Amino acid sequence: MLLEAMPAAKKNLDQRITLAFNKLLKDIGNQVEFELPDSFNKSKSTAYTLIKRNIYLTKKIKRRLEDDGIFCSCSASLGSSRVCDRDCHCGMLLSSCSSGCKCGSSCSNKPFQHRQVKKMKLVQTEKCGSGIVADEDIKQGEFVIEYVGEVIDDKTCEERLWKMKHCGETNFYLCEINRDMVIDATYKGNKSRYINHSCSPNTEMQKWIIDGETRIGIFATRDIRKGEHLTYDYQFVQFGADQDCHCGSSGCRKKLGVKPSKPKMSSDAALKLVACQVAVSSPKLKAMMSGKDVYQNGDLHIGSSQRALSSLPTYSCNCIGEVVRLSRRTDKTYV
């Protein structure tokens, strides 16, 4: 405002700036091409503290064991010492076996902290910074590692995101596990934070209930050979400018923010699948399907089902999601 009110002073200042700029150009002489040192060009990975379990900076939501209501009925089969394999009801519902299960110490569906983490090593990639390579063969469906970090709420997460954005940070280690609960492996975590994205990944994140606590496990979606890069689909939620994808797979979506088109099984569908398997394995249902043995009023009657079933309408054994009427002939009551 002062310079606008005094045109002569403003003109004098402009002349002085021009003279100083011209003198600077003369001193510099011819322009010279130069490059910044590699230490400036290469992005430095955020220093972090190695931890084995999640550290809660927010209120820990842990359901009571009796509220889960998930207990397996697995038992050891002949010639095998493994219990609770892929047909374990707890495992099919993404829940570790608990003290309420009868599977014993030979259970293979243990909590993450009691499972063997696969051997892996940290490497530098050409376009994706740090990455993780399998240091042993991994079979499809096997547990690889747990994704751990600081568990924070949405408010803290938003504050950290803005702070990282203003600092020019491009590497994010955030994974949402529940409403108002996010795992942040930026400052504390394990090697899982270095697993890179791929549009055709060989592992996936699964949300499990471990002793009533929601935790994230990484499992192999196919057989992985020693020396292969471990990857999973970030299903990236964009925060800032678009980020190009450099996974190099044939089905690459080019951008990290693009969602995959393949639908995933919902929790309701998983429950129905397990319920169907439980129903089919039920002795009562098998007896009714075979037409030999049936349970009546709590007692087992042999050879009396054929006549009773012949007079009743038959339906498909998969009646999940339908309303079923259970009748009792003796007193003509039903529910």
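Cβ atoms are placed via backbone N, Cα and C, with glycine included.
Heads up, TrEMBL stuff is auto-annotated, nobody curated it.
Bear in mind that the values here come from a model prediction, so they are computed numbers and not experimental data.
Going by TrEMBL, these are the annotated features:
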- 67-116: domain 'AWS' (DOMAIN)
- 118-235: domain 'SET' (DOMAIN)
- 241-257: domain 'Post-SET' (DOMAIN)
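Under 8 Å from some Cβ of the domain 'Post-SET' (241-257) lie the Cβ atoms of residues 127-128, 170, 196-200, 231, 234, all in the same chain and six or more residues away from its ends. Helix first, then strand, then coil: DSSP counts for the domain 'SET' (118-235) stand at 17 helix, 52 strand, 49 coil. In terms of DSSP secondary structure, the domain 'AWS' (67-116) contains 9 helix, 3 strand, 38 coil.
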